[in-house]
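One structure is given below, encoded as structure tokens.
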Amino acid sequence: QLAKNQEDEKQKAAAAAAEAKAAAAAEEKEQSAANSANNITLLLFYQYVEPCWDDDQFQVAIKFVTDQGNKYGLTGRMRVAKEGLNCTLTGSHDGIRNWCAALRTFDGGRSKTDQVTGETITEFAKTEFKLTDDLPPKQRFPKLHAFEVVEIVNYGLAGSRAPEIAKYGGTHLEPEDYNNKMCEKDTVIIDVRNHYEANIGRFNPPEGGAKMIDPMMR
């Protein structure tokens, strides 16, 4: 009888331990889900428009991106110039994506119609948005700021000094193509990121490959 009682106690203890473990796992899962729901998404992008907006179109653009940012609860910095947008924003997973979708539909009166498909093509229809999800809430910017600037990136080439994108714009390279170009000795890479970003890190060409130039952008 004593042996049976001891076995019963062991089984009860094991059942209690399993129940406690399951409860702890459920609590951890619930807490993880809660934390995930509070996490934020970071959005980075810049986009030039050509020709540049006139005064009225510029004001319409500022109002649009600001109103949509407030609508979807975004925070961060938006550099708005007549030549386009440069934004670093934080918000919820859905809020960021809703703002991007809204920007793709933005029509400042200069949308075009595809002659083949009949589709309306807006100025930001093909913008590449860089999204980073599941960042901790503490990385959210405190407020939303829209800055009226002369250039979306400080190159000192505003207005008439800026080269025409349609005429002088480069060819976009996918990562694999960029790596291949770095191996070509007749290629020159000019790192036009600001000096702070350039110091953080870069992809250096292999020996005998492309020449790297850092113009020390501010």
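Keep in mind that glycine also has a Cβ here, set from the backbone N, Cα and C atoms.
TrEMBL lists 1-26 with the feature region 'Disordered'.
What TrEMBL lists as compositional bias 'Basic and acidic residues' is 1-12.
Broken down by DSSP into helix, strand and coil, the compositional bias 'Low complexity' (13-25) contains 13 helix, 0 strand, 0 coil. Sequence annotations record features per position, and here TrEMBL assigns compositional bias 'Low complexity' to 13-25.
If you look up TrEMBL, you'll see 41-131 marked as domain 'tRNA uridine(34) hydroxylase N-terminal'.
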Over the span of the domain 'tRNA uridine(34) hydroxylase N-terminal' (41-131), count residues by DSSP class, listing helix, strand and coil in order.
-> 29 helix, 29 strand, 33 coil
